[in-house]
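Notes for the one structure printed next.
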């Protein structure tokens, strides 16, 4: 015979929240894997020119998210099992894991907020470097082996459906493409500049990560409260 009354209600509430937590871990893992292999981001972040790679800050964040999702699924299962078995040891371990995860999430959230523009800024700087090299190559008719700056720049433009660093460069590049000096704008001409496209691409994904983290943080707070209440109820139960 186990706990009774309100404590029994807490037990099933904890199981329910742990099941949601486990599902959230699976969703975060799935979203992180999607961000890692999403065609637009992967095609840009895997670019290389003269030994220089596209910034890897975004992928570092995604890999951390993959690890967090996997750990959440393990911890969620531990909490579900501990609640059903009414095990103080498992619930205590679960609580400690939650505190550590919560602290890591808060630290990651603060770091992410302070560096929320870093990914876009690094990618824009990389794009600007490639753009300048591509224009220089086109104007000097420079030939080279391996990936050319113009080829790398064309990937940016085709992937994001944009052209140029701003309205002026977009307009000028389309003109030089038409008269045959360059060939770097996308097939379907567009006046949208790539700085805006890059900001939109990564800002939307960062907001998606932030919303997921906020939902998980709220669930974790409830779980910590319920796990401690259930632990105390098990300890004070006359059947133990």
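Positions of Cβ are set from backbone N, Cα and C atoms, glycine also.
Among the ranges 90-114, 115-139, the stretch that TrEMBL annotates as transmembrane segment is 90-114. Within the listed segments 56-78, 148-170, TrEMBL records transmembrane segment for the stretch 56-78.
Note on the disulfide-bonded residues 163, 185: the fewest other CB atoms within 10 A surround the CB of 185.
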